[in-house]
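**Student:** One structure, pasted below without further comment.
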Amino acid sequence: MFRYQVASAAATQQVGKQLGQMVKPSDVILLQGDLGAGKTTFTKGLASGLGIQQYVKSPTFTLIREYSSGRLPLYHMDVYRLENGGGDELGLEEYFGGDGVSVVEWPQFIQDEWPETYLEISFTKSTDNPQLRELTFSPHGKRYVQLVTQLQAKL
Amino acid sequence: MLVLAIDTSNRALTVALASDQQLLGEITLNIKQTHSEGLMPAITYLFQAAKLKPAAIDRVAVAQGPGSYTGIRIAVTTAKTLAWTLNKELVGVSSLAVIASNVLSTQRLIVPVFDARRQAVFTGAYQWQQGHLVSVLSDRHIKLAAWLPELLATKQPLTFVGQTAVFSDTIRKMCGKQAKIAPEAANLPRGQQLAWLGQQAQPIANVHGFVPTYLRKTEAEATWLKNHPNNEGHEPYVEEI
Amino acid sequence: MQENSSQTRELILAFESSCDETSVAVIENGEKILANVIASQINSQKRFGGVVPEVASRHHVEQITLCAEEAMTQAHVTYADLTAVAVTYGPGLVGALLIGVSAAKAIAFAHQLPLIPVNHMAGHVYAARLVKPLTYPLIALLVSGGHTELVYMRTAGQFEIIGDTRDDAAGEAFDKVGRVLGLAYPAGGKIDHLASQGQDSFHFPRAMIKEANYDFSFSGLKSAFINTVHNAQQRGEALSHADLAASFQASVIDVIVTKTLRAVKQYGVQQLIMAGGVAANSGLRDRFRQEIAQRDLELDFVVPPLRLCGDNGAMIGAAAHVLYAQGVRGDAHLNADPSLSFPYLAANTTK
């Protein structure tokens, strides 16, 4: 586990960008945190790290948005709307095992679908400073321990 | 009777045109593709090759599930729309029966299986009786570990067919000599078999009401109904506005 | 056979199933609705606080041929009368789109009719054509649960995005904020109603309102709203929901109206179309009308009636009429494209 504090949206984005330069095909990154905690901001950074030029828009409505203009495809998923279930029918395993990087917001709603190994990042807002966030990186599996070590060295 | 048969329940796609007992043509693809892209071109080619107009058919037979939800919806939507728009008969056949019918000339219990993930299967048990394929144990969604004891309790010799590869070790271990696993060639659905099964079945009375056999409620609906057993005035679910 | 009517009138049978409405329409010459049957799943989907894709797909299969039959009956047409079959192939929920696509392809094949694939967003724009003729160039503001786009049209059938949301769609912000206020899905109408009873007292930020582009951002507004509510909760203070709704809506409307009218001026268009689910918002409609009147703009502001603002087959048929004339055809391979988008106007692609 590795904790990192950021003081602005730009800093959150910068961490995402670093990670985006390191990810490999089939990597799965689960983003935990409340509404407005910085998950999508982080994903924007990750997309730019992959070299994706388009806007990374909220995928809440269609649940999955695919971006193919970068170094690797990015599968950006937001299953916020599936609080009461429905995630088992989205075919997520095909994305997780696919050629791209999967980033999942609100992964707690599809817990049954989680792959065996993944990187979980939790975003916690500070109670006194609304700009301050703590990012907690919890790697599950060797690949992700290595990824977090690599990221830590860059930050 | 000219029958168009359609099955896109799993990875394979198979379509056939058959006139009574005679197969005019069959296309079976077992490649990774979206059925939406593959199905209508295959149907179009069959009719072109047979020099037939779509309206020449008497009946559409469709494998209506269980299987991949998206797959069975594409087949069922295509089949019911064709039957409705051409004013032809429609029959639905179990996707499991289509696979079971590949195992011929046997008195054994035929057990088709589709992988439903997390150690569960879509399955059932079939048997040939007087030349007809009969459903002996109804189609269901069940954990393999719960299904095998039920099959063993029938004391009948078993032949497993379909997506058996991932389960073969478990099947051999739990069933021993009572079970055989059908050869690889029997594992693909064949439009010809579906057309044949479809000729024997009764046509659907209400084409509009025809839907896939999912065998499972959606996760969201199951959760909701558990918490709201009376449905709290949400019906009808769909209304014309 | 069809010597009489079909020679003089073009009839398109149009399918729409991109989200939670199954709809089939028959459109004459791209402008007249002969039938527009819409089966809404809202009663089912509101159980889940939003559209669950698998549930939506299942309902579409139940409804699709029923809607088609009713549309053909209401329009008093036969297959021999039809010119073409049109269908939405994106953007939307992939499983839902596939039902319309499968049905439309089956009908096109069965009756050997041309197939016209239609971008759902083009449909929203052309809903306006069912109200009155369009005068190009024009700008269309498309605001819904999944989109907030400003689209520039030089001429018929040509769509270029000049402004887009960089994060949440406007309708999505309404739903998320509604959730914080404890309002049931869909929250848009309820917030609109609450807002009419409150004051803009919280002065939420107007994101990107002054920036020299036509993009939008509603994520910061959403965060500001949530922070305000949560901080008040922590202090044990009760805030007026009407004022919260009014403040939220004022911010959304300010930004949308300001940037849209700026685009109208810069591009020198004389017609502005507003469509999509959020176009139903009365505050947004009224504000546009007020501003246009106050500024004495010579601008024809077209908002289709509510029934044509939501998802429907008629708008797909209206768009298909234009595409058909331009020779756009789909074939048996047509697939759903859930991420389908208009191209961005070249000048706007760099950020």
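Yeah, the Cβs are placed from backbone N, Cα and C, and that goes for glycine too.
These came from TrEMBL, pasted as-is:
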DOMAIN    C:32-317  domain 'Gcp-like'
BINDING   C:HIS120, C:HIS124, C:ASP311  Fe cation binding site
BINDING   C:LEU142, C:VAL143, C:SER144, C:GLY145, C:GLY146, C:ASP175, C:GLY188, C:ASP192, C:ASN281  substrate binding site
**Student:** Could you check which of the binding-site residues C:HIS120, C:HIS124, C:ASP311 is the closest Cα neighbour of C:GLY188 (substrate binding site)?
**Tutor:** C:ASP311
**Student:** For the Fe cation site given as C:HIS120, C:HIS124, C:ASP311, which other residues of the same chain have their Cβ within 8 Å of the site's Cβ centre?
**Tutor:** C:GLU16, C:SER18, C:THR88, C:MET121, C:GLY123, C:SER144, C:ALA275, C:GLY276, C:ASN312, C:MET315, C:ILE316
**Student:** Nearest to C:ASP311 (Fe cation binding site) by Cα distance: which of the binding-site residues C:LEU142, C:SER144, C:GLY146, C:ASN281 is it?
**Tutor:** C:SER144
**Student:** Near chain A: which of the binding-site residues C:HIS124, C:GLY146, C:GLY188, C:ASP311 have their Cβ closer than 8 Å to one of its Cβ atoms?
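**Tutor:** Cβ contacts with chain A under 8 Å: C:GLY146.
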**Student:** Look up C:HIS124 (Fe cation binding site) in the DSSP assignment and reduce it to helix, strand or coil.
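**Tutor:** SS state of C:HIS124 (Fe cation binding site) = helix.
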**Student:** Looking only at the domain 'Gcp-like' (C:32-317), what is the model's average confidence as pLDDT?
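**Tutor:** Result for the domain 'Gcp-like' (C:32-317): average pLDDT 95.
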**Student:** Between C:SER144 (substrate binding site) and C:HIS124 (Fe cation binding site), find the distance joining the two CA atoms and give it rounded to the nearest Å.
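**Tutor:** For C:SER144 (substrate binding site) versus C:HIS124 (Fe cation binding site), the Cα atoms are 10 Å apart.
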**Student:** Just how spread out is the substrate site if you go by the largest Cα to Cα distance in Å among C:LEU142, C:VAL143, C:SER144, C:GLY145, C:GLY146, C:ASP175, C:GLY188, C:ASP192, C:ASN281?
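**Tutor:** Between the most distant Cα atoms of the substrate site, 18 Å.
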**Student:** With H, G and I counted as helix, E and B as strand and the rest as coil, say where DSSP puts C:GLY188 (substrate binding site).
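**Tutor:** Its secondary structure by DSSP: helix.
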